[in-house]
Amino acid sequence: MYRSTKGASKARRDQINAEIRNLKELLPLAEADKVRLSYLHIMSLACIYTRKGVFFAGGTPLAGPTGLLSAQELEDIVAALPGFLLVFTAEGKLLYLSESVSEHLGHSMVDLVAQGDSIYDIIDPADHLTVRQQLTLPSALDTDRLFRCRFNTSKSLRRQSAGNKLVLIRGRFHAHPPGAYWAGNPVFTAFCAPLEPRPRPGPGPGPGPASLFLAMFQSRHAKDLALLDISESVLIYLGFERSELLCKSWYGLLHPEDLAHASAQHYRLLAESGDIQAEMVVRLQAKTGGWAWIYCLLYSEGPEGPITANNYPISDMEAWSLRQQLNSEDTQAAYVLGTPTMLPSFPENILSQEECSSTNPLFTAALGAPRSTSFPSAPELSVVSASEELPRPSKELDFSYLTFPSGPEPSLQAELSKDLVCTPPYTPHQPGGCAFLFSLHEPFQTHLPTPSSTLQEQLTPSTATFSDQLTPSSATFPDPLTSPLQGQLTETSVRSYEDQLTPCTSTFPDQLLPSTATFPEPLGSPAHEQLTPPSTAFQAHLDSPSQTFPEQLSPNPTKTYFAQEGCSFLYEKLPPSPSSPGNGDCTLLALAQLRGPLSVDVPLVPEGLLTPEASPVKQSFFHYSEKEQNEIDRLIQQISQLAQGMDRPFSAEAGTGGLEPLGGLEPLDSNLSLSGAGPPVLSLDLKPWKCQELDFLADPDNMFLEETPVEDIFMDLSTPDPSEEWGSGDPEAEGPGGAPSPCNNLSPEDHSFLEDLATYETAFETGVSAFPYDGFTDELHQLQSQVQDSFHEDGSGGEPTF
């Protein structure tokens, strides 16, 4: 064993350094780059070029004529590409990196490769997992893969772009050469296109180098994504001519299922300040009626400038992969920022590869056919005629509203068109031209259609309501109404009740109290003398083709107003309820919650409806004529005098003449006439008469009682008492024919039974109590409910009734 000495160690180091310098001379690099290389950089580059040489030497030679392009021509083509070429193995080992990478990342190829021989050394650590997933995803060798990641850039470039550069990678795996190493590490060749907001300048608006060497077309949009300019290459991917798409809304080409995703990214682009970008994976409709997956990258050129979009046509599998990646990034951003309510990238679950590749038969209509999706409560919209000649936009873009062409439109519509604006990010699609860009209103915007109306609720873009506000691009707008609906608040009524209303603690969203609503005209017809249920009224309004409804009747859905005065006058016109107030307090009952437009017709309440404030006898259909009322009063007086006569013996005058007829009534039958020698009437304790006026329940035509029933009531009570001495054996004391009266010989038991019978309550008297039940409002509370024990000479009660 030889002991290492100082001289031997130095000799070995010198030998290793000499070999490294020899390797440096073999590297295909410029002399200027070789001078800057360290020993570690030289060894790293040597490994890369060795793997590259082995792979291409053992691979299958390219088919085709040799000498078609020279080496210099190939280098020129690679240098002209709008990106750089990248070759690496499945485990991430680099094989090749083109020289053009320095134009996009700021680093030269030598600087990047010198950092390490793995692709993970030159990409952002946050995207390592994405690249690993793409490299391990099983698929056929000829299947393209498309994903995006961020590459490290130089310090100077990072200062300009505020971070690493986002790069779109498209590539595929190649057949590996023979060998165990290549069998486990297939080679992936990719073209990397930096996603730049300002690609290399091309000759005017036509195709530039980016569109020549990459499947891509560019477009410029207004703030509402109306197309201002588009590349001619759109003809290749969508089949449209450039002139056919100018002044059209970009939303008109979108698939209905992608509206929410696109609008959310559009809002994010407009809401954030600075140099930001928005990404989306959507389906655009081709001229043939099919759908093409497009990866869109949008940049805003300042707060007043237009929006630039780079559109990359992708396959179904690439769309599925990109959607997964975008969704995962949004989820991670929400977790890091601690904001779970981030903008959703996609409204629904991520589509599978089969769903992306399969054609949806529901959306295969031709381009010329109307394309729309019906919403339950959305108003119908009208289509602008395609034959209308609309002005072309000038080169100096003006983002103010455009006027409608003159025509036989109502003056109301012309007046409304000046106040209505198009709120981004939604622009309705009108096939007639670009007049819709800045002059039509939102379909769900709350607007009161009155001739002098200037009320307009500007819809602020919200992340939670985009999917509810967006309608398909071919949706049509209705003509404004020339008169308000029946029961709908007008501008005058809105101002009147807003001045008289104050907030209340009780909340009734989307509804108005009947006392605060002002109706255009009274409902006086008998057909309207009945309350219309809300569901019936709402359905009736929906069935009307010429009526539109605001989403809410209240101008501010977060505030509810109630009248300042008490609610007593409200209850004067409504039926009584257990919670009806008596002292003017406001007691509100719960109202049903209805989604959508609320329109309820409230006609006048019938005049004769029972209320606590008015006695039933005072209502119109309870009135009697003067003659009928006089007859009823005389009958009551006669019954009262008959009841008083039972408490004292009949006098001689009464015995000789009988009862005098009262009030012109015919005299009673002779069977009731008693002689002076007769016995007195039984002194029975009769049950006090209840003085509730229940006569209004009877039919006025059959109100008068005949004399015969009155005789039957007092027949047995007027017979003489056998216990008194009134001349035994007197023939006058006997009844007709000499037969004794049936009440002559009564035992004490029979006498007690008659007393009980006189005080017995019938079933009707027992059921009708003098006092109301608990929780029951006595509708007849103004009538006297106290029991009267005696009557005056004139027949009135002991105490006044009212």
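Glycine residues also receive a Cβ, built from the backbone N, Cα and C atoms like all the rest.
Annotated by Swiss-Prot as region 'Basic motif', the relevant range among 1-13, 144-156, 391-403 is 1-13. According to Swiss-Prot, the feature region 'Disordered' maps to residues 466-485, out of the candidate ranges 406-425, 466-485, 626-645. Within the set 14-53, 54-93, 214-253, the record from Swiss-Prot flags 14-53 under the feature region 'Helix-loop-helix motif'. According to DSSP, the secondary structure content of the domain 'bHLH' (1-53) in residues is 42 helix, 0 strand, 11 coil. When Cβ-Cβ distances below 8 Å are used as the criterion, the coiled coil (5-38) is approached by residues 45-46, 49, 108, 110, 114 of the same chain, each at least six residues removed from its ends. Averaged across the domain 'bHLH' (1-53), the predicted model reaches a pLDDT of 84. With DSSP classes pooled into helix, strand and coil, the tally for the domain 'PAS 1' (70-144) is 36 helix, 13 strand, 26 coil.
DSSP places the residues of the domain 'PAC' (278-317) in helix, strand and coil in these numbers: 2 helix, 25 strand, 13 coil.
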